[in-house]
Amino acid sequence: MDRIIEKLESGWWIVSHEQKLWLPYGELPHGLAANFDLVGQRALRIGEWQGEPVWLVLQHRRHDMGSVRQVIDQDAGLFQLAGRGVQLAEFYRSHKFCGYCGHPMHPSKTEWAMLCSHCRERYYPQIAPCIIVAIRREDSILLAQHVRHRNGVHTVLAGFVEVGETLEQAVAREVMEESGIKVKNLRYVTSQPWPFPQSLMTAFMAEYDSGDIVIDPKELLEANWYRYDDLPLLPPPGTVARRLIEDTVAMCRAEYD
């Protein structure tokens, strides 16, 4: 699936190493390969954006390597492809040898996979399903400040799905563990690939059922009910958390304005 890049090759360039992106001038490289010293490099076509190919190059650059978070404010489709590139680059880097027999592996030519020629084992990129849920109580939404994000941002609750657990069960468990409350009338909203490092966010809205807020101090600094027109600092646009909050605010405005 990969090929040697030629002088006149053009498109969007995802140059990635160890979960970092090359972002000259703070942007994804776009244009001719020759303009970015990529001629002769091996590249993998991982998609298309606005009629142009998106290429993945597994390479470290000495300068301007940054997080894919830096392009989160770009169009959702381009951010998604950048995330795909970073995740695939890390997958290929971390699966050079077979976990069963220890022999070297090689990329599949037909799908995103690594193959072992010795024991015939096949590996696919790991995807970790997560739930994220906006909880409404009359004209208010439950927002929390997470221990791992000490930047003042308040967001909705989220967590990983455990083995043998449905998405609905994961919502109920995570909400109870982190905030001590029960929810009802759960409704699926949307999903978002989230390459930090390889999550798939499944987004829900729910209504408060019962209980008082009792936070898990290992997960949260604080949590509280916030009226829809008096909210704290929120996650940035482009995140599924921000969409859930805005959808909840819109519902509250329709009822209480």
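Each residue, glycine too, has its Cβ placed from N, Cα and C.
Annotation source Swiss-Prot lists substrate binding site at ARG69, GLU111, TYR124, GLN192, PRO193, TRP194, PRO195, PHE196, PRO197, GLN198, SER199, ALA241. Swiss-Prot lists CYS98, CYS101, CYS116, CYS119 with the feature Zn(2+) binding site, giving sequence analysis as the kind of evidence. Marked as domain 'Nudix hydrolase' by Swiss-Prot on the basis of sequence analysis: 125-248. Positions annotated as divalent metal cation 1 binding site by Swiss-Prot: ALA158, GLU178, GLU219. Swiss-Prot lists 159-180 with the feature motif 'Nudix box'. Positions annotated as divalent metal cation 3 binding site by Swiss-Prot, on the basis of sequence analysis: GLU174, GLU178, GLU219. Per Swiss-Prot, the feature divalent metal cation 2 binding site maps to GLU174; the stated evidence is sequence analysis.
Between the candidate binding-site residues, CYS98, CYS101, CYS116, ALA158, the densest Cβ environment within 10 Å is the one around ALA158. Under 8 Å from some Cβ of the motif 'Nudix box' (159-180) lie the Cβ atoms of residues 128-131, 133, 135, 142, 144, 186, 188, 199, 202, 204, 206, 211-216, 219-220, 223, all in the same chain and six or more residues away from its ends. Ranking the binding-site residues PRO193, PRO195, PRO197 by how many other Cβ atoms lie within 10 angstroms of each Cβ puts PRO197 at the bottom. Listed in sequence order, TRP112, ALA113 are the same-chain residues six or more apart from TYR124 (substrate binding site) with CB atoms under 8 A from its CB. Mean model confidence of the motif 'Nudix box' (159-180) amounts to 98 (pLDDT, 0 to 100 scale). Ranking the binding-site residues CYS116, CYS119, ALA158, GLU178 by Cα distance from SER199 (substrate binding site) puts ALA158 first. Each residue in the motif 'Nudix box' (159-180) gets a DSSP state, and the totals come to 13 helix, 2 strand, 7 coil. Residue counts for the domain 'Nudix hydrolase' (125-248) under DSSP (helix as H, G, I; strand as E, B; rest coil) come to 22 helix, 55 strand, 47 coil. Within the same chain, the residues at least 6 positions away from GLU178 (divalent metal cation 1 binding site) whose Cβ sits under 8 Å from its Cβ are ALA144, LEU157, GLY159, ILE215, ASP216, GLU219, LEU220, ALA223, listed in sequence order. Looking at PRO195 (substrate binding site) and CYS98 (Zn(2+) binding site), their Cα atoms lie 24 Å from each other. With respect to their backbone Cα atoms, PRO193 (substrate binding site) and GLU174 (divalent metal cation 3 binding site) stand 20 Å from each other.
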